[in-house]
């Protein structure tokens with residue numbers, strides 16, 4: 001594990017065998033697209049590497065390259081040709097790295113600069129779009145089908161002008177002006193009846209469509225029982241209490257100082273009673289306070 005030399009100074013385990021520096025994935029895509037990159041532990045075990053394409057054995061710098069999520073680098077034309085050579089009905093899981101056998105397509109939940117760059121590259125290839133979950137497109141290498149000549153329309157545009165015969169027979173060209181679809185004629189509006197009835201008791205139009213309609217003066221809303229599901233946990237007023245007592249019970253302001261003083265007075269009184277009872281009990285059992293034991297006290 002080392003520190004990348006880029007301005008982001010990210011901690012990484014990747015090591016460039018060619019430049020012998022620690023690199024992060026961002027620098028791997030931007031500054032080391034054709035370098036052999038492995039983990040730092042692999043470089044400590046074996047520092048030998050081959051700067052050639054594993055498929056064509058040509059230097060990686062001779063052609064455009066692509067890096068898989070296993071960090072193996074191939075020539076893009078070589079990898080595309082190798083993938084086209086597979087059977088047409090090969091499942092996406094059957095596309096494996098030719099060198100290490102790892103998955104060729106990045107998983108959908110894998111995020112990172114290397115995975116994003118690989119998706120952008122595979123998105124342009126028709127054979128790779130099913131593996132990415134994208135719709136198929138036609139391969140650009142297939143020959144285009146010749147367009148069939150359309151039959152001339154039996155109209156005035158297809159009749160050649162008299163006195164100017166055309167030596168080369170060419171298919172008539174259709175007019176570039178699009179013809180508007182023929183719509184059925186709309187029925188005429190119905191004339192108003194002479195004895196029309198105007199309802200004046202209906203709802204009056206409001207100025208704002210979003211505003212609620214006004215309530216009539218002196219009217220009362222129709223009462224409906226509340227919905228038990230909606231008002232199940234709503235706090236209800238104390239209807240069974242009188243109005244005066246209800247306001248005191250519901251929102252009467254409490255005086256904590258007065259309550260504290262009353263509580264302290266009651267506690268002090270209880271303490272005095274307790275101490276008095278304990279002192280009186282000790283005096284009754286003390287022999288020094290017995291009048292018969294006192295020589296100065298004469299009884300009889």
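All residue numbers here begin at 1 and follow the chain in the order shown.
Backbone N, Cα and C atoms are what each Cβ position is placed from, and that goes for glycine too.
Residues or ranges marked as compositional bias 'Low complexity' in TrEMBL: 171-180. Annotated compositional bias 'Pro residues' per TrEMBL: 181-194, in sequence order. Feature annotation from TrEMBL assigns domain 'RING-type' to 53-100. What TrEMBL lists as region 'Disordered' is 142-231. The transmembrane segment annotation in TrEMBL covers 257-278.
Within the chain carrying the transmembrane segment (257-278), a Cβ under 8 angstroms from the stretch's Cβ atoms is held by none of the residues 6 or more beyond its ends.
Counted with DSSP, the domain 'RING-type' (53-100) comes out as 15 helix, 8 strand, 25 coil.
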